[in-house]
Amino acid sequence: MSENTNIFINRELSWLKFNSRVLEQCKKDIPLLEKLKFLAIYCTNLDEFYMIRVAGLKQLFTAGIVVSGNDEMTPLDQLREIRAYLQNEKNELENEYFKIKNELANKGLFIKNYNELDEELSAKADEFFFTQIMPIIIPIAVDSTRPFPHLNNLSFALAVKLREENNPESVHFGMIRISRVLPRFVKVANDTYVPISSIVGRHAEEIFPGYKLISSAAFRVTRNADIVIEEEEADDFMIILEEGLKLRRRGAFVRLQVQKDADPEILEFLNAHLKIFYKDVYEYSIPITLDGLWEITSNKDFINLAYPPYAPKTLPPFDENVSIFSTMDKENILIYHPYESFDPVEKLIKEAAKDPKVISIRMTLYRVEKNSPIVQALIDAANDGKQVTAMVELKARFDEENNLHWAKALEQAGAHVIYGITGFKVHAKITQIIKKDAGKLKFYMHLGTGNYNGSSAKIYTDVSFFTTDEMFEKDTTNFFHILSGYNKNRKLDKLSMSPMQIKERLLEMIMMETEYGEEGRIVAKMNALVDSDMVKALCKASAAGVKIDLIVRGICCLRPGIKGVSENIRVISIVGKYLEHARIFYFKHNNPGFYISSADWMPRNLERRLELMTPIYDENLQNKLKEILKLQIKDNNLAFELKNSGSYEKVEVPDGCEKINNHEYLENYYNKLYKNIQKHRDDHISMIATKLLKES
C-alpha cells in the first residue's frame, strides 16, 4: 500500500474510528455485561455525533460552503464518507448484538420479544403494560384535523397502520409515543427483559379501540441539538440559555432510525412528514434504543457477568481520621483516579465548608452530578456566611439543565455565581480555599484534569493535584479575578491559561525538543489532537529526530509514519474498562518536564475556552506521572495503534512477552498497596511503594 503523505486526517472520520474501537470491545474476551455497556456507549456516542457534528456539516452544505480544511475534504465529501461508513458498520453492530444476546442466553439471561414469552411471562408483560405503560403513553392519530405531531430530539415511538373493524377498506396512520421515563427494556423476570416496543406493539389494538393493527414499526428521530446563543446580546444569560434548551427540541431532523422490514407505506408516511434524506435513514433488525441496555447491566443477580468490583483507594498521606488541611500543610500530593479515591477532593470541600477559619471558597463547576455533595457543601458554606464563588459553566453541552439547577440553588444560598466569560467556555478544573489563622492567610488549592463529579471519577482516569505552594497563590487568585471581573491582562505566571498561554507554551516546549533533535523526547496523553498548529509542530519535531509518543484516546488528526515527516511519531489509543480522560504532558528538556491540564490539543480548548495547565515540580510526583505514561505506552492489551492509512490496529502481545493491560495492572497494584498499608500502618507510603515495585 502506498504511503499517504497528507499529515492531516479528517476529524470526523477519525472520530468514527474511535467509536469503532468502542464497538471493537464487544469482540474481546471481557464479561458479557461489559460488552452490553460498550454497545450502549457506542450508540450514545453516535447519537451525539449526529446531533452535533453531522448536523453541523449539513448546515455547512446547505449554506453552500465548499471550502475544504487541511484534510482537503468538503462538507459534502465528509457527509458521504460518514453515511457510507455508518451504514456498513450498522451490520457489525447488529451482528455483535445478536452474538452477545445468544451468549447471555447461554448464561441464563434473556432478551426476548413479546411473542417469544411463555404464558407466565406474557401475563407479567401484559400487567406491566396496563399498569405502567398505558397510563402515560400518547396515542396519536394523524389525519386532516390532527396534524403530524412535534417530535422532540431522540423521541421514540411506534408508527402504526390501522384499519377500522367495520370498514376493512379504510387505512389510517398514527403513532404511539413512548415516554422517556419508561424503560427501553422491561424486566418481566429476574432473568428476562423485553424491548418495550415489542410490548407496546402487541397491545396497539387496545390503544386504538375499534381498529385492527395492520402493521407497526418502531422509530426514533434525531435533531440538530447544537445551541447557538448570542451572548453579547443577552441581558440575562440564564434566561437566554433556557430558551436555547427549548429550541434544541425543535432543531432540524438529521437522522431517522427505524425497524427493519417496516411496511413500505409506514416508511412513506414517516418520510412524507419528517423529510429526512434517505441516506440518513438507518433500518435496524435489533432494538433501536440500545442506550437502554444500561438497565440490564445493573442486574445484581448476574454480577458474575460483569467486571469484579474495584473500590478506589484512599492512601497515605491522606487519612480519613486526619484533617485534609493538616495533610496538605505537609506536602504536595498527586493522585490518580479512579484507582485512588475521589473522596479526598470531596472531603476538601466539605471540611472547608465547616471550618470556621475558612473565609473563602472558589471553584469551577463544569459537569457535576445530580446529587452533588460538593455543590451541597458550597451551599452549606454560603448559608454559613462564608464567601463562596462558583463558576458554573452553563454551556457544558447536555449538562446545561443540571448546571442551571445548581446555579440557582447556589445563588439562593448567597454564593456569588459566575456563568462564564462572553464568547468562552470555562473548562478549567480548579479550587482555591483561603483560611485565616492568627491574622495570616493560608491558601489550599486543587487543580485537576477531570470534573468535580464523584460518579464519573469512578470510571474516568484523571489526575488530582493538591497543593499549598505559595508559587500558585497569586495565579489562582488572578484566575478567579479574571472570571469575576474585568481583566484584559489574561496571563498567569506558573500556571498557563488558554486562550492566551497554553498553546503558546506548548509550541515553545515542542520547539525546544526540536532543537535537541534525536536527544529530544515528547510524550503527550490527551483525549483529542486536532489543532493544526500543534500537528505541524509535532511533525517538525519528528523530522528533526525527536522521538514522540502520543496517547490519544479519541480524535487524532495527525497522520504518523510519513517518511521524513512523522516517522518518529507513534500514536496509540487506549480503550477499556475505564475512560481515559487525563491530560499529561512530558517534555524532556523543559524545566519542569511534566504538566497536567484540563485542555486537549484542539482549537476549541486552546483558543475558545478558559483552560489551565499546571506544572508539576516535585520529583516524586513527576516520577508518578512518568510511571503512568510508561505503563500506557507499554500496554499491549487495550491499546490500538494509528497507522499511516488512518486505520487503527490492535497492539498485539509480542512473542515471549507478558500481557500488559494497564487498567488491570493498576487495579492490582493499588489493591496490593492498600493491603500492605493496612498491615503496616506505621510504614511510610514510599517505602511500601518501593518494595512493591521491586516485587513486581
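A Cβ is built for glycine as well, from the same backbone N, Cα and C atoms used for every other residue.
What Swiss-Prot lists as ATP binding site is Asn45, Tyr460, Arg553, His581. On its own chain, Tyr460 (ATP binding site) has His337, Pro338, Gly450, Tyr578, Leu579, His581 as residues at least 6 apart in sequence with a Cβ closer than 8 Å to its own Cβ.
According to Swiss-Prot, the Mg(2+) binding site annotation covers Arg367, Arg397, on the basis of sequence analysis. For Arg367 (Mg(2+) binding site), the count of additional Cβ atoms within 10 Å of its Cβ stands at 18 [all protein chains shown].
Feature annotation from Swiss-Prot assigns active site, phosphohistidine intermediate to His427. DSSP assigns His427 (active site, phosphohistidine intermediate) to coil in the three-state reduction, outside any helix or strand.
Taking the Cβ of Arg553 (ATP binding site) as centre and 10 Å as the limit, one finds 22 other Cβ atoms among all the protein chains shown. If you compare every pair of Cα atoms in Asn45, Tyr460, Arg553, His581, the residues listed for ATP, the longest distance is 16 angstrom. Take the Cα of Arg367 (Mg(2+) binding site) and measure to each of the recorded positions Asn45, His427, Arg553: the nearest one is His427. Neighbours of the ATP site: apart from Asn45, Tyr460, Arg553, His581, residues of the same chain with C-beta atoms within 8 angstroms of the site's C-beta centroid are Asn527, Gly554, Leu579, Glu580.
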